[in-house]
Structure formats: C-alpha cells, structure tokens
Amino acid sequence: MKDELQGSPYRRHRNDLEAGSSYEDDDDDAGSPFYIVRTKRASIDKLRRWRQAALVLNASRRFRYTLDLKKEEERKELIAKIRMHAQVIRAAVLFQAAGTGLNVSGSAKLPSSPTRVGEFGINSEELVAMSREHDLSFLQQSGGVKGVAGKLKCNVEKGVTADEADLIDRKKAFGSNTYPRKKGRSFWMFVWEACRDTTLIILMIAAAASLALGIKTEGIKEGWYDGGSIALAVLIVIIFTAVSDYKQSLQFQNLNEEKQNIQMEVVRGGRRIKVSIFDIVVGDVVPLKIGDQVPADGLVISGHSLSIDESSMTGESKIVHKDPTRAPFLMSGCKVADGYGSMLVTSVGINTEWGLLMASISEDNGEETPLQVRLNGVATFIGMVGLAVAAAVLIILVVRFFTGNTKDPDGTVQFIAGKTKVGDAVDGFIKIFTVAVTIVVVAVPEGLPLAVTLTLAYSMKKMMADKALVRRLSACETMGSATTICSDKTGTLTLNQMTVVENYVCGKKTDSPDNKSLLPPRMISLLIEGIAQNTTGSVFLTEGGAMEISGSPTEKAILQWAVNLGMDFAASRSNSAIIHAFPFNSEKKRGGVALKLSNSEIRVHWKGAAEIVLASCTHYIEADDNVAEIDEEKLSLFREAIEDMAKESLRCVAIAYRTCGMDEVPTTEEELENWQLPEGNLILLAIVGIKDPCRPGVRDAVQLCVNAGVKVRMVTGDNLQTARAIALECGILGSNEDATEPNLIEGKTFRNMTESQRLEVADRISVMGRSSPNDKLLLVQALRRKEHVVAVTGDGTNDAPALHEADIGLAMGIQGTEVAKESSDIIILDDNFASVVKVVRWGRSVYANIQKFIQFQLTVNVAALVINVAAAVSSGNVPLNAVQLLWVNLIMDTLGALALATEPPTDHLMGRPPVGRREPLITNIMWRNLLIQALYQVTVLLVLNFRGKSILNLKNDTDDHAFKVKNTLIFNAFVFCQIFNEFNARKPDEINVWKGVTKNILFMGIVGIEVVLQVMIIFFLGKFTSTVRLSWKLWLVSLAIGFISWPLAMVGKLVPVPERNFSEYFRKSGSKKKRLSDKEGVASLEGYAE
C-alpha cells in the first residue's frame, strides 16, 4: 500500500506548469515604499520597508492592526517546534513497529486500573495516548474501531444519542472541543498605548514644568491653570483615543470568533445534523467528504479512497491514504484531500495536537491593507511638512521673544535682557515650546491610517448583517476596486433547490419522471441500487415517518427522485457492499462505485455529467428490459435530448452501469485500493434533467454591477447550453447574438489556447461552460495580467488555487468546503450573488469614507497651520493656543474619524466606475473642496486676528480683554467651521450634503457632542482654554462664519476640475527624468560592452 500519495490538489506551487504561472505585482517594488498594490502575498521585506519609512509618533498604536513581523517569526518557529514534536513521536512509533512488528502485545499495555469518569469503558488518557502515538496495538487490544466505539457507548452507524445529558457527561469525561484562548487586551492596555505618543509625552513634561513654575511664581490658586489645562487636555485626548481603540478591538475579537465557528455534520441517533465544531464530543460519528476539515482526533470507521492532507500538522504537503485497519488515525485540523468516509471522534480540544497548537499561537497577528500603507505615506508627508512648520514657528517665536519683539496685548515687552526674571523667561519659552509641539500633534495625522481600521471594523460588522464574513481586512477595501467578478452558477446565481423535472429512460422521454409504472421493474431495481450506493448523501426516516434527505443539492434531487420511485435507502444499501469507490471529481465530472452483490456478482455504477457518461455508454435498456446497442441514430437522439434539456437551463446527469467478471477485480487489498474502475462499455440507465431556478433579484444585482463598471462572468462546470440559458436569464448575456465564441466558451477550448491567445480573449469571455477548477485559475491569471482586479467565487476544494490567486476570493458559506473557505478572503454566508454585490458596495464605501476623512482632516491641517504660522511671523503671538489645538485635534482625529469613517454605503457609489488601484487618494475634486474651505477659513480668521479689534468694535475694552475676546471668537469660529465642514465632507461630489444624514445616528450624535462640548468650553472652561464668555451676537457671528461654508461648498462644486490628477504632472516630469537616466545607463553599458 502507498501511504503517501502525490501532492495535494489544492496546494499547487506557484510555478506549477499545469496551474499556469502565477501573476505577481512586482511593479510596486520600485518607487515609494508606501505603494503596495496587494498585501495578500507581500514579502516581509516590503512590509518592513514601509514601516521604516513612516513618520510615527506612537508606534504601538499606529502598527496595532498591522502584521507584527516579530510575532509572526515567533509564531512560525513555535509551529515548527510543535510539528517536529508530532513527527518525532510518529517516527518513534514507526521505528518501534518496524523493529517488533505491529502486533507486539508489550508495546502498549492496557492500564490495570485506569481512572474512569462516568460509565465509559475507556478513559481520556488512554484515548489521547493512542491518538498521539498512532498506537495500532492498543487499538487492536481494544477491539478495533468498533471495540473503542462500544467502550465509548456509541454506535458506528448511528453515533451517540442526541440526549443533552449524555452530551454533558461526555464533555465532563473527555473535555470539550475548545482550547484556552489568550484574553484580549484590557481597556487599560489601550490607555497605556495612547500614553506612549511621543508628542503627548513631551506635552505632559512641558505641562509639569509649566505647572511647577506657575505655582512657584503665582501661587497654587492661580498658577496651576496653564500647566493643568494642558495636562487635562492631554488626558482627555488619551481617554477618547483609548475608548475608540478599545471598541474597535472588541469588534475584531467578535469577528475572529465567527471565523473559527465552523459548522460540521455529525450523526446523532442515526440522523445527520449540523453542529458547531466546538460542540463535537468524543464518541461522535462525523461523515467526511472532500474539502472537509477533520474536527478532532479520531479513527476511520469506513472510507473510500479517503486521503488526508496532513500539512497543517506536519508542514509537508503530502497526501496520506487512510483506511480502518492499517492507517485509521486522523489528526484534528487536517483536510480531506480526496474520497469520503466517516470517523469516530476519540479526542477533542486541548487533548489533540491541533488544540495544543491553537492554544500556543496568537489567534490574530494583524494584517495591513494597501490603503492603510498608502495612508501612512500620506501621514508621513503631511507630518514632515507639519514638523517643518512647527520648527519654523518655534524658531521665529523664540527669536522674537528673546530679542524683545514679543509684546503682551497691552503693549508690554515680554522679555527684556537682564531685567526679566529667569522663571518668567523659562515660562515664556515653555509656552512657545508647547505651541510648537501642539502644532506637531495637529500636523502629524496619527489618526489617518487608523481611520482605515475604524471604517473596516465598522464595515465588517455591518457586512455580517449583509451575509458576508470578512476573513482578510484587505479584501474588504480591495472589493471596491474590483473590475470583474467570476461567479459560479449553481447556488450563487441559482437557488440551489434542485428537483428532477425531466428524464429519458428506456430510450425515450417519460411524461412524468416520478411515475414508476412507466418503467420496467429491472430498470427501477438497477436505478435504485446505483443511486443508493453511488452517493455521499443519505435518507433518514424519522419516528413520525417523515423523510430527511441530506447531501449536496444535486444528490438530494436524485435521492428524492429514487424515493419517489420506491427506494428504501437502508434496505438498498444493505443488499450490496461497496468494494471500491471513485469519488465524484470536478476534473472528470463523474463518480462511480464497484458493488459486490449477495450472489458475488460485481456491478460498477457511474453517475455524472450527461454527455461525458454517455460517451462511455455502448448499450441501453429498452422498455421490455432487454439490453440494446446504442447505434448512431440512438446516440444522436440522446445527444439531442441532452441539448434540449440544457437549453431549458436544466442540469443534465446520466446514470449508467456495467457488470464485471471476477477476473477483472483485483484480489489483494493493495491492488484494490489502486484499482481504476472500468469506465467503458457502460449500459445507460437514465438521463435526468434537474431544474435549479435562478435566484430572485439576481438579474437586478447583475445589472447593478454593469452600471458600476464591474463585468460579471459565469464560470461553471455545467453544460455550455445550460450555462448559456442561465446567463441569458440572469442578464450576463444580453441576447442570443452575444452567445457566440469567445463570449461563450468551453473550458477545454480556453485551456488548449496558448498564453497569448488566452490574454487576447480573456476580456471578452462572459460565460465559460464545462470548466475545470484549473480553467478558472487560468482565466483569473489572464484577467489579472490584463490589469483587472478580479473577484472569484468558489465552493469546491479544487477552487482553492483560483481563490488564492484572485485579488478577492469569495467562498460560499453553505456549500463551500473548509479548504475553499480557508483559501478565501470573504465568506458569503448565504451563497447569494446579491450578497457579493453588497460586498462591492461596502468596499467602495470604505474607500469613499477614507477620502471624506482625508478631505476633512487636510482642511483642518492647512487652516490651523497657516493661521498660526502667519500670526507667529507677523505678531509673535498665535491665536490658537496648545489646549485649543488639542481640542481641534480631538475633533479632527478621533471624533472626525468616527463620524466620517462610519458612513453607510449609498446607491450613488454604484453609479461610479471602480476605484483604480493606481488612482491617487486625493482626487482633483478633493483638492478643490479642501482648498476652497481652507482658503475661506484662513482668510476670515486672519482678518479677525489682525483687524478683529476694530471690526468687533472692542476699542473701549481693555487691551487684555479685547485680545481674549478676539482670540476666543477665532477659536469658536474655527471649531464651528470644522463642524459645518464635516457635513460638506460627507458628500465631496454632491450638492446636497444633508441627504440621508438623519439616518446616520452616529454622525448626528458626534456632531451634537462636539457642539455641546464647545459650548461648555466657552462658558465654563475659560480658565483652562484661555477663553472668555462671548455675547450672543458673537455666538451668532461664530455660527454665521461656520454656516457660510455650506453655500460656499455648493458654489465650489460647480467649479469644473481637470480629469487628469494634479499629481500626474509631477509624476510625468519625474518619469521623463527617469527615462533619460535609464537611457544614459544603457548607453554606458553598451559602451562598456564594446
């Protein structure tokens, strides 16, 4: 027997010739370290490069939701150690077995007095030792699989009872299928991380120094205000930041738990039911099929061509064959690579190697997204400008102060060399220094990259309600750039509710497919035998007499048809025994079984794609039960029947059989395992047409994609004519005229093309029929080479390479295998194409929300910096002090991000073309909007700064009071400009900025909080913020200045902008220089060669 077979079919190498060459985005290696098109398979070097290039004030906070490179290395080392431990144990067992023989009684003795829990005949320690050491001798002494099942008080066919008390007893005796998880970080950890911001630390030190000097010079009653107000403002910023970050982390924790909650099928009380993987208990019987995850350690009860991929535990991509006698041990966490069977669960949770592995490693190690990396680049650029401005302000103010050019509002010079006290001079310097540092706080937009995480966390939570579970953060935003969706047909575009509506039996179409009186008895007997045995489904008869049919939708439809013809499932299966099986294969599109009847006769039954099975048939059964040869006339009749059914959008399945002589059947078990079932000279029994109606609303969803500039392509394993009919019904094909090659193409035709031909036709393909998973992979690669951003849906194990290769892999939650889900980026929980379209909306919403936030934040940055620099240069005083700037920073960073990053998606987003991955983040529309608003704010507030005293008629006030009133008005107006501008930022390219605003309760709540807090600051916290109470007239002036930003934004949106982005002009001149230097380099190389 060959224990180790070829490599796993769903773990292809990137350079696998059969799979086609993988397309990598290498063009992002050059140029900016912040430009990574695709983080899905980005190298560690690329990820490290952008981190080193970023200007960061608080690394622990900025990089919290990115991949922790150090932890990732530690995790890999830990996994390698645990895998090595498992391999060492297995190697020792194999060595011992080789030296002493398999049946040595001394190799594992039953304990003389084992500790038992409950009434079970075997304890947890014995089961764990047997599983971990793959101890066959202990298993044999325990009576084999059936003996262990007996000791566990369960039946290998019916499983455990579904009694709740029994399940609780099993959990007490053997543990639950869970493992200890590392607790999430507490709120105080987030407070500590927020405190580690470099600028906030500097401000706290400056506040402490100011506090000490203030108390020393003015006494504790008045002297603590300056330093205390800065400290309080910093504290508020820290608490707001920590609360926001903590809430995000809780959302991610909940989503991680959802990802791990796999639904498994188990047999309890003879009935197949679905339970959470965490609810599986020792003694459970679990049916396994290709693509399933092994949910716990266990033993094979029965298996047909059952092969397991143990790479998750061993690290080696080798497929190991399993059978009940020689290789019965199954390890938790491994995947079923081929075949089907059932297992008995013997160890769960922490008692398995997989449980130990999962308990040892960190569950979620973070992951950056392309947008997050790009925003770090934007933040770094803005931050550098801000640092330069802050340095300039510091130098100017310090020089003016120490040269005696800085005066108080009443005209008193603040510093006179030799006369001013040292304490006063230091206090004056600290105030200047805190303003400069606060400018850095405002200028370096720490919240900008984190706004991506905030909007993704919000979107992921909302997408769960829209039946989409995001496994990779980057996929959520990449979906907004998708230019094409390659969708499966069955279950995604259709309902997956299949019924047999037509059949051809005895060489002719029957009027009623369920009418057994129209079929000869022998035909019914053969059909029932083939359907009952050649299936991975089952039929369960409840106590009330109701039928419960389980399995894939196709299997259920055929089983239901057989039940209508009079099939007794259990009796039919007991009349013969399966000696070998060829599980259904998406490459060959058929599956078969070899049966040994009670009279020792051997029959081979096949079932699969109608035209493929028909091609292997040479005979059929006539109405009188006689076997007749299929001549050319009959063959063309059958082919025509298949085509007619396909045109009616029916899935066509053929059922056939043949007998085998005993001399054709291998005699040894090893030969039987590798036996290729006879595929030729089959006798056709029936061709059935299965109806799977289109999903309601799918045509509208497809049209929505078309309007959004996203091309929908159908890639299906079904007959080309069936695919064509469904595509016309769904709107993927506009008319019959479109249904020509290469719009409509067969997988084989596409596969046989050269790579250049595939690239040529890939764009035009709308429907691919009779495609294999490899054809889907080739199509994805061709489309990606054509610069498409490709989303792919898949449910089968063999879809894994295409899901992995695509920019966004979408696995089906109901019909999808665990292998497909693990290779995917997003799981569509209801298998509905309309949910895929909702994901596109959310992806676009993420990008749009970030752009809104950038526009809003840059407006504040530009205005605040220009106002303070202009005032510092001209008068030596800044109108916005440190505490006021910290409040503005809070509005801009934390509250602004919360308000704008959580805007729900609108239909307007689906009227635009996809967002190009190379498109600049700041569009011309955004530049126009932010420059108009910033220019307005700067102009109005600088006029108030320099002419405020006369404009506001404050000549009769004292100089100090007039100065404070003017600066308070500037601060109040500036804040209200930002509050009104938040509404403008909601709709950067729409006139009506209030549309849908009342539906966004969070936005309205945050705006309300900002207004209330601003009123409280002006009325009650004047001592802290160096402000005074304003008259109602000045409140109206503040509101009017803010309000004008609304009509100004409306008028501004009428100003046309060029289509070409401003940044491209700089890029073009840069690329010209690059090309020139490249030419010079080539010339020098040529000269060197000569």
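Backbone N, Cα and C atoms are what each Cβ position is placed from, and that goes for glycine too.
Per TrEMBL, the range carrying the annotation transmembrane segment out of 880-901, 1034-1055 is 1034-1055. As a summary of secondary structure, the domain 'Cation-transporting P-type ATPase N-terminal' (144-215) carries 46 helix, 3 strand, 23 coil according to DSSP. Computed over the domain 'Cation-transporting P-type ATPase N-terminal' (144-215), the whole-number mean pLDDT of the model equals 85. Outside the transmembrane segment (378-402), and at least 6 residues removed from its termini, the chain residues within Cβ reach (under 8 Å) are 34, 53-55, 57, 414-415, 417, 425, 428-429, 432-433, 435-437, 439-440, 442-446, 448-449, 854, 858, 861, 865, 868-869, 872-873, 876, 878, 921-922.
The list of residues near the transmembrane segment (1034-1055) in space but at least 6 beyond its ends in sequence, with Cβ under 8 angstroms from a Cβ of it, reads 928-929, 932-933, 936-937, 940, 952, 965, 969, 972-973, 976-977, 979-981, 983-984, 989-991, 993.
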